[in-house]
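Feature list (source: Swiss-Prot):
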- Asp210: active site, nucleophile (ACT_SITE)
- Tyr274, Tyr346: substrate binding site (BINDING)
- 35-159: domain 'THUMP' (DOMAIN)
Amino acid sequence: MILEKAREILEEHQLCNHCLGRLFGKLGKGTNEERGRAIRLLLSMETGKEYKEPEKCELCGGVFNNLDKFAELCIKAAEGIEFETFWVGSRFPEEIEKKEEEIWRKFRVVSGEKITKEFNRELGKVIAVRYGKTPVKERPDVVFIVEPFSEKVELQVNPIYVAGRYRKLIRGIPQTPAPGFKESIATIICRAFKKHFHGKCIFKGAGREDVDVRMLGNGRPFVVEIKRPRKRKVNLKDIEEEINQSGKVEVLNLRFITPEEAERILTTRHRKVYEAIVYVKDGITKEEVEKVVKSLKNAEIKQRTPRRVLNSRADLVRVRKVYDVKGELIDDKHFKLRLVTDGGLYIKELISGDRGRTTPSVSEILGKEAWCEILDVLEVLDDVEGDN
């Protein structure tokens, strides 16, 4: 039945061995070219008629004879780009794909393989053998999109994702570039990444601290995306050392990650440990500090979006929890608070009350005006909110 169908097709169409074999591509093993050559030979033996391969195939135009040339075009397109893994895609003229489908319909072909699939696979084999690169479908370093009939190659360079944590050692630096500031956490970190990877750097932090707040302890999680990197073989320890020489920011635990891991890091809320120096206008006693500690421990805080961020945040009431509190009297107007809270709780407003928008607050508990003079984030805890 296969030979009869092949004979009928060859009576009407001038097909090369690749395109003939591809009509039966889902049957048996071996390449389409081998399959087509075998079918042609069997037909000749059975009928006594020679079924020679045409000089030019009416379907593919002979593109499979030029795979070495297309491989060279791909490597040339990637000149200066460091890569080890790749994948191949292709764009054939619409009329070619339609003609292939018409042959399938007319001769009731049910075991065929699309021309693009064979071309991508066979070109991938040539690139792998000639240039020592590895074809990988999931997250390759680069993707070659080949247009065989126009001999054009489009190069897609996939981004690199790196995760880590940063410590902010001094006050007065925003997390991302902002008017009135010469530098930011993002610019300090990205400067080193751009230098080593030779690509565009995008910094994203898992939450942020205010400009006047330090981030200490184990640091805040962040992700860097490097778009169109020209270098991939980079020692992340070298980047760590370079950033840490700034004296302003330190990074630790840099590691390569997947896009899915990046999404998880940036969307997971973690409990945080804060240390605040609180000023009480009308004075504070040791007993009042103990009252604050007792009132806030395990308290649920209803917090309306702080007035100072209303221009960039929706005006909503959010419920966050304070898990643990420790207090220490410093002098008659100052005391220290150490808090373990849900992520997303604004600590300055937890202290001031923000004109009643946060309740309970230190000001509300004391019945006195209080505000935060100094604030540090001591830790971003690894346990996810809600875990025991």
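Keep in mind that glycine also has a Cβ here, set from the backbone N, Cα and C atoms.
Note that the coordinates shown come from a computational prediction; the quantities given were computed from them, not determined experimentally.
Projection of Swiss-Prot feature records onto the structure.
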residue : record                   : Cβ neighbours (10 Å)
Asp210  : active site, nucleophile : 17
Tyr274  : substrate binding site   : 21
Tyr346  : substrate binding site   : 22
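Cα-Cα distance from Tyr274 (substrate binding site) to Asp210 (active site, nucleophile): 13 Å (rounded to the nearest whole number). Rounded to a whole number, the distance between the Cα atoms of Tyr346 (substrate binding site) and Asp210 (active site, nucleophile) is 10 Å. Model confidence over the domain 'THUMP' (35-159) is summarised by a mean pLDDT of 95. Secondary structure at Tyr274 (substrate binding site), taken from DSSP and collapsed to helix, strand or coil, is strand.
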